[in-house]
Every structure is written in C-alpha cells, then in structure tokens.
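All remarks here apply to the structure that follows.
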C-alpha cells in the first residue's frame with residue numbers, strides 16, 4: 001500500500017450541496033475493506049422517480065453493470081445502492097448472486113419491484129464474497145440518514161478527496177435543483193479504478209427525456225476525460241429525477257424550456273468529471289486539450305483523446321516541457337484527416353507551430369510561465385473543417401508509477 | 001539530459017553479422033548532435049538491387065518518409081542514406097529541401113536516378129537545418145568503408161545498445177544470406193522516438209515479391225511490438241535484395257521454394273523488433289502477450305495490443321504483481337468480441353482466471369517466481385474462435401517517466 005497525500009489539484013473544500021426533495025441518503029460503516037469511514041451508501045428515492053444511466057462500454061462488465069443495463073429499461077428507481085471495498089467484478093456466479101441478493105433485500109425493505117433497485121460496487125476485483133454483511137445491516141442503514149459529504153465519502157476507494165457538485169435552473173418558471181457525487185481515479189490496491197457518479201434532481205422529467213439529456217451531456221463531460229486510457233469494468237453514472245420541483249412535465253427533449261436545465265445539468269456533470277481528473281493518479285497538472293478544424297466532431301474528439309492519452313505528451317507536461325512535437329505526433333498517429341502543412345499547435349494560448357513548421361519568433365516567456373502552472377491548455381487546429389472537441393486529462397508522473405507499480409499484491 | 005545505463009534486457013554482445021554481397025557500408029562522424037561516434041550511414045547498393053519498404057502510418061509523416069513512399073514505386077535502390085541527431089520532421093519547406101538536397105547529391109555521386117536514393121533521419125524534430133554539412137562530407141563518407149557495428153551505431157539516438165541480426169536460407173538450392181540493423185526506443189531528448197530498420201539480402205527477388213514478403217513478416221514483427229503506444233512520424237523499414245546469391249529469380253510470392261527464405265527473413269525482423277523492445281524506455285521486463293480464441297486474427301491482435309499498451313497492466317508487471325484483473329479490463333475495453341464467462345488468463349503458463357472467475361486453487365509459487373523474472377508471458381484465451389496473435393512489449397517503470405519527464409527542454 002502506498003500512502004497517498006491529497007491531490008495538489010483538489011478543490012479547497014467539499015461544496016455545500018442542497019437537499020433534493022424526494023431523495024434520502026443513508027450510509028453505514030461496515031468495514032468491508034476500509035475501516036472507520038462509511039463504505040455503504042443508499043440513496044432512497046420516492047416512488048415514481050425517473051431514472052437514466054450510462055455504463056461502461058467494457059465487454060467484461062461487472063455483474064452490477066449488467067443488472068443496471070437491464071433494470072434501466074423500467075425507467076423508474078427507488079434506490080441507488082453502492083458499496084466500496086469489493087467490486088465483486090469477475091467473480092462469476094458469486095458476483096451475480098451478490099447483486100441479486102442485495103437487490104432482493106433492498107426491494108423487499110422498500111416494497112418495490114426489483115428492477116427499481118440499482119447497485120454499484122467498487123474496489124478489489126476477482127474476490128468472491130457474499131452480500132450477507134450488507135443485507136444484514138439494512139435496518140441500521142435505513143435508520144441512519146446521512147448528508148452529502150458522508151455519501152460522497154462512502155463511495156470512495158483510494159480517491160484522495162470526496163467529490164460533489166450542484167446547480168439550479170428553471171423549467172417553465174419553476175426552480176429545479178441538481179446535486180451529484182462522484183468517485184474515481186485514486187487506486188493503490190491491485191485492482192482497477194472505477195468511475196462512479198450519482199446525480200439527483202427534483203425536476204419532473206420522464207425517463208426517456210432524462211436519458212437523452214444524460215447521453216448528450218455525458219459526451220462532453222465524463223466521456224471527455226481520461227487519466228490513463230484504461231476503461232473500468234464497473235463505470236456507472238446514474239441520474240434520478242424525483243419530480244418534486246413540480247414543474248410541468250416536458251415530453252420533448254428539444255423543448256426550448258429545457259435549455260437552462262440542460263446547461264445546469266452539463267455544468268454539474270462536467271464539474272464532477274473534472275474532479276475525477278483532479279484526483280487522477282499521480283496528477284500534478286490539469287490539462288485541457290481542445291482540437292478545432294477537424295472534418296467533424298468525432299474526429300476532433302479522436303485527436304483530442306490521442307493527445308490526452310499519449311504517454312509522451314503527458315510526461316512532457318509533467319516535465320514542464322512545451323514539447324509541441326509530441327502533440328503533432330499524437331495527431332498523426334490517430335488516423336484522423338490531418339496534414340502537417342495545415343496543422344497548428346498552441347500551448348497556453350501561444351501558437352508554437354503553424355503550417356507545418358515551428359513559429360520561429362514566438363515569445364517563450366509566457367509559454368514557460370504557463371507550463372510551470374497547474375492548469376495547462378493545449379490547442380491543436382487541424383485546418384480542415386468545423387469539427388471541435390475538448391478533452392480533459394492530467395499529466396503522467398512518478399506518482400502514477402508509484403501508485404500502480406511500487407507495491408506487491 | 002538523463003544519463004541512461006545500458007538496458008538490463010540488452011543482449012550480451014552485438015552479433016557477428018555476415019557481409020552481404022552487393023552492399024557496401026559507409027559511415028561518417030559529423031557531430032550533427034552526438035560527438036565522437038558515427039552519425040551518418042550510407043548503405044551503398046549495387047545497380048539492380050530490388051527494394052521494399054514500409055513506413056509510419058502517421059498522417060504527420062516526415063519529409064523523408066513522404067519521399068520514400070514515392071521513391072518505392074521505382075522498385076530499385078542504390079543507397080539508404082541515414083543521419084542521426086536531427087529528424088528534420090515538421091520543418092515545412094526546410095525539411096523538404098533537406099531531403100531533396102541529400103537525394104540530389106547522393107544520386108549524382110553514384111550516377112543513378114534520384115528515386116533510387118532512400119533517406120531516413122532521426123533525432124530532434126522541428127529544428128530546421130540544411131543538408132550542407134552532410135553533402136559536403138559525401139566524398140569522405142564514400143571513402144570510409146565501415147562494418148555492421150559502426151553502421152548500427154551510426155543510426156542510434158538515445159538507444160542504449162546497437163541492434164543487429166542475421167540468418168541464412170536456401171532458395172532453389174542456393175544459400176542466401178540476410179543481415180539487418182535497427183534502432184529505436186531510447187529517448188532522452190525532447191523529441192519523439194523513431195524506429196528505423198534496414199535489412200539486406202543477397203537473394204534475387206523482384207521488388208513486388210520482396211514487398212509482399214516484407215508486408216507479411218512486418219505484421220508479426222515490427223507491427224507486433226509496442227513500447228508506449230506512441231507512433232513516430234519517421235518510422236521506416238527498408239529492405240534491399242542485391243541478387244548476388246545467384247538463385248533463380250522467383251516471381252510468385254506463394255512459390256514453396258520461398259518458404260525457407262520467408263521464415264529466415266521473419267526471424268531477422270522479429271529479432272530486430274525484439275531488440276527494440278529490449279531497449280524500450282525504462283524497460284526492466286520483456287513481456288510476450290499471446291491472445292488466442294478470438295473470432296479472427298485482427299481481433300486477437302487488437303486485444304493483445306490493448307493488453308500490451310495498458311498502463312495498468314504494464315505498471316503491474318513492473319511491480320511484479322500477477323494482476324490478472326487488469327488483463328481482463330484491457331480485453332474488455334478494446335471492443336473485440338469477448339465475454340467474461342468465456343475468458344481465461346494465464347501468467348507464466350499458469351491459468352489464474354477461467355470461465356469468468358479466479359481459479360481458486362492455482363499454485364502461487366511458480367507464478368511468483370515467473371513474475372520476478374525478466375521474461376513475462378501473458379496468455380489470454382477469449383473462448384470464441386481460432387484467431388490468435390502475439391505482441392511484445394516492455395513494462396512501464398519510473399525509468400520511463402525519468403527519461404521523458406525529468407528534464408526541461
């Protein structure tokens with residue numbers, strides 16, 4: 001085990017998150033792996049709460065994810081039930097029973113359909129276990145109402161800080177509130193990181209509208225971050241809409257009345273996603289990669305991801321080296337339409353390379369100052385079309401190696 | 001600059017390579033960047049030498065690569081001309097002139113067509129320079145006949161050892177000889193690594209047959225290695241066949257008489273490719289990843305590359321941790337047909353996970369012993385079809401970070 005200090009990119013404090021009508025948080029301290037801190041979270045949702053979710057695209061997804069994909073078809077949720085310390089991923093029938101037993105116990109306790117219970121587990125993989133300890137504690141869990149900070153802590157594994165965000169918007173004149181928590185990217189156990197996020201709103205929105213908004217905003221938030229290009233088997237993002245704000249229901253996702261909500265919702269998702277990058281393993285710098293001039297948005301994102309995932313780009317930033325040649329390399333390797341004679345690259349807003357060659361007389365002072373800071377901006381313009389995308393990542397440092405290699409299982 | 005010791009995975013000595021009739025090696029010590037060692041190589045080839053080549057797939061390829069792609073259409077070569085210290089990549093018109101001036105001068109000196117001169121450059125990118133120093137030294141270069149070791153050294157940048165390999169085979173009863181050199185994967189300058197390899201044979205083989213054999217063998221050698229998933233703008237592999245062995249010419253690439261040559265040629269390419277992995281930045285372990293049971297060979301290679309490029313797998317091996325969960329994760333993320341309940345994973349030949357769960361009673365002793373060694377075998381069987389592929393890589397260590405981040409440009 002490696003002792004991990006709080007990330008230098010952590011926010012100053014956990015934000016003050018508003019209560020969401022129709023959502024009750026419960027936590028328990030069961031010592032599944034971590035001692036002296038909550039490690040089980042249940043977000044209890046009032047009947048009729050609409051749900052939306054996106055899950056890992058992994059073909060080796062965990063039993064919890066496979067259950068969630070099915071349950072989502074029902075469109076409503078009564079609980080998000082999460083444990084930290086054992087992901088029970090890749091444990092075959094034991095993993096399926098672990099999920100099934102929890103779903104059974106929680107649905108009985110709440111008197112609802114099993115498909116209204118969503119579960120997520122994060123922690124060690126490949127360690128079969130039973131759900132007994134968790135189901136036995138259900139009564140105590142329900143009796144213990146918790147706040148957002150405890151909820152955010154209960155889902156942490158080796159995260160170095162709890163993650164939360166909120167926003168408000170209006171729909172047809174009614175104020176609606178959004179609050180969410182997330183975990184991810186710290187990892188000192190010999191297992192894989194898991195990204196989990198749970199977002200709650202009192203807005204009245206049907207399942208299908210909520211799902212469409214989620215899928216869209218997710219593309220520009222959680223699906224636009226990367227720490228090390230590795231994809232967890234358990235990634236889960238669930239959204240609950242309780243309807244308690246009392247706004248008129250909106251059935252058309254393109255209704256202009258939803259614009260403010262969509263923007264606020266995307267703000268919350270992006271904020272949470274950024275907090276995961278800020279807690280990226282060994283991160284010392286937060287990097288924003290913006291690609292413009294691609295033939296379309298998809299190619300822009302491919303190029304931005306190639307830059308953000310390149311070990312050579314990430315180590316250059318760690319070394320405070322404005323190495324634009326590695327950015328050119330990353331664009332070149334990813335297969336998108338590009339031409340060295342049309343490509344330009346800027347770091348910290350200063351163009352370093354243009355039309356296939358170095359800008360001979362660029363001002364090194366501001367670039368040097370920028371690259372020594374904690375927030376690094378990389379801009380690449382491919383010079384072809386209107387496709388643009390932004391991706392966020394962190395640098396690759398000795399800390400990453402220490403966390404992932406400097407121990408033995 | 002970081003002082004780099006010779007890789008712990010380096011072979012004991014540079015091999016004793018045979019001369020190839022029709023090939024004369026020349027080197028010069030011009031001090032372009034490196035002092036006190038040869039830094040320019042010319043392999044002079046007798047008239048009629050057939051050529052084959054493969055180049056980086058980068059869309060931001062260097063001027064030398066773009067020239068080579070065109071020149072290859074002619075099918076014959078009189079010289080491979082290489083310099084180390086400046087890749088002249090991404091230098092716009094200056095780079096194009098650098099290549100054109102060298103090609104012009106060398107073709108004049110040899111009295112041949114320009115399209116028979118192939119060039120490659122490796123080193124710092126984005127630093128415009130002229131070819132004057134090189135073309136001025138052409139007389140001295142031609143007067144200095146060199147051996148394989150000097151030739152292999154002349155193309156090194158921050159490689160920690162020179163790389164060479166050879167083999168013999170028979171075609172229609174005639175003995176033919178193959179010898180080659182390569183460089184790649186060491187890098188302490190703020191530029192990108194470049195993979196270069198030049199292979200020579202006295203076999204009589206027409207350009208198109210040579211090209212077909214090269215493309216096929218390249219798939220299972222250079223295109224099956226990865227150090228850090230980053231693709232250079234200058235990667236070049238050129239093959240010259242002088243025809244001096246006097247074997248009957250063979251015009252059909254599927255002629256069974258070519259079987260021994262193909263096998264020997266692939267041996268040389270694989271040996272050189274392995275030496276590049278052994279000199280991978282910061283490498284402490286050589287990893288062989290074999291995927292079987294994929295729906296086809298392409299998916300097998302995609303999965304093998306995903307395992308070999310996963311920072312989490314590579315750091316686990318560096319940490320001597322038989323972390324099969326990260327291998328499952330890598331298979332899951334790459335999009336090939338897979339199912340956790342059909343997947344099995346072995347390390348060092350011992351199956352650790354099978355049918356979606358850990359093998360409860362596997363013998364930890366031999367796995368522990370294997371993972372502490374320098375040569376690590378990872379086998380993943382997807383349980384679907386006959387697709388198989390092998391990929392070679394190295395681990396990801398503090399050495400990689402030190403080489404690529406612990407300096408300032």
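Positions of Cβ are set from backbone N, Cα and C atoms, glycine also.
Taken residue by residue with DSSP, residue A:404 (substrate binding site) is part of a helix. Taken from TrEMBL, the feature substrate binding site applies to A:157, A:183, A:194, A:281, A:404, A:409.
As annotated by TrEMBL, active site, nucleophile applies to A:194.
Fewest Cβ neighbours within 10 Å among the binding-site residues A:157, A:404: that distinction goes to A:157. For residue A:183 (substrate binding site), other Cβ atoms within 10 Å of its Cβ number 30. Contact with chain B, taken as any Cβ pair under 8 Å, is found for the binding-site residues A:404 out of A:157, A:183, A:281, A:404. Secondary structure from DSSP puts residue A:183 (substrate binding site) in a beta strand.
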